[in-house]
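Data first, discussion second: the structure below is written as structure tokens.
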Amino acid sequence: MQGLYLVTPNWDDTPRLLAATELALAAGVALLQYRNKDAGPELRMEQGRALRALCRRHGVPFIVNDHVDLCLLLDADGVHLGGTDAEVAKVRALLGPGKIIGASCYGDMQRALDAQAAGASYVAFGGFYPSRVKQYAVTTQPAILDQARALMSVPYVVIGGMTPANAAPLAARGAHMVAAISSVYLADDPAAAVREFNGLYRTTEIRDAAA
Ligand SMILES: Cc1ncc(COP(=O)(O)OP(=O)(O)O)c(N)n1
Ligand SMILES: Cc1ncsc1CCOP(=O)(O)O
Ligand SMILES: [Mg+2]
């Protein structure tokens, strides 16, 4: 797992959401997360089902944010859990070993180690930079990635205000994936934005190969 982890915005306009997502997936996304904090159960089901179909067509794993029940109903590839969501160990027991479980760890290394021990497939650190869609009381510092590199065996993702420019030092510091909403969905050209994010990983791979 390496590259751009695309997360959806709170759009209720499903055709607009699907059109932008299709452009992004065609440009090359490592994982897609369906996150719509404003949607009710009916819209979540409609958008989730359509996005899952799109992901299957593009061979991209489909992750549901927060809603373990929706993950099960849609037979999604996994679920992303934060501090106020279900516990990783319980969800792992429910979903079995074959599903992807992501865990938000903010700037907390112990939380990441606990999530890994409880069966998380990846952990997410952040928010690192000011976000247009989410406020956080505490900003995560890039130095946590140095600890993660030394201590984690599952992949780690960075999130929060990511652009190709400000994500570069985090990718170079070992982040396996960069997660973003606005830099792709609010871009004039979402496909070009995806390609720019993926460029970070080509650079990292070239650097690592030369090391
Ligand atoms: C990849 C990724 N990282 C972090 C989050 C945030 O999860 P959470 O803290 O549960 O907050 P909400 O997204 O539910 O508002 C995420 N969704 N994805
Ligand atoms: C879900 C989430 N968790 C931390 S920041 C964030 C939002 C990321 O969106 P953006 O890439 O637009 O800052
Ligand atoms: Mg959550």
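Just so it is clear, glycine is given a Cβ too, placed from its N, Cα and C backbone atoms.
TrEMBL annotations: computationally assigned, not manually curated.
Residues Q33, Y34, R35, N36, K37, N65, K134 are recorded by TrEMBL as 4-amino-2-methyl-5-(diphosphooxymethyl)pyrimidine binders, and the candidate that the same record lists for that site, out of S104, S183, is S104. R35 (4-amino-2-methyl-5-(diphosphooxymethyl)pyrimidine binding site) has a Cβ environment of 20 other Cβ atoms inside 10 Å. Filtering Q33, Y34, N36, K37, D66, K134 by Cβ distance to ligand 3 (under 6 A) retains the following binding-site residues: D66. Reduced to three states, the DSSP call for D66 (Mg(2+) binding site) is coil. Around K134 (4-amino-2-methyl-5-(diphosphooxymethyl)pyrimidine binding site), the same-chain residues six or more apart in sequence whose CB sits under 8 Å from its CB are G127, G160, listed in sequence order.
Only K134, of the binding-site residues Q33, K37, S104, K134, place a Cβ under 6 Å from an atom of ligand 2.
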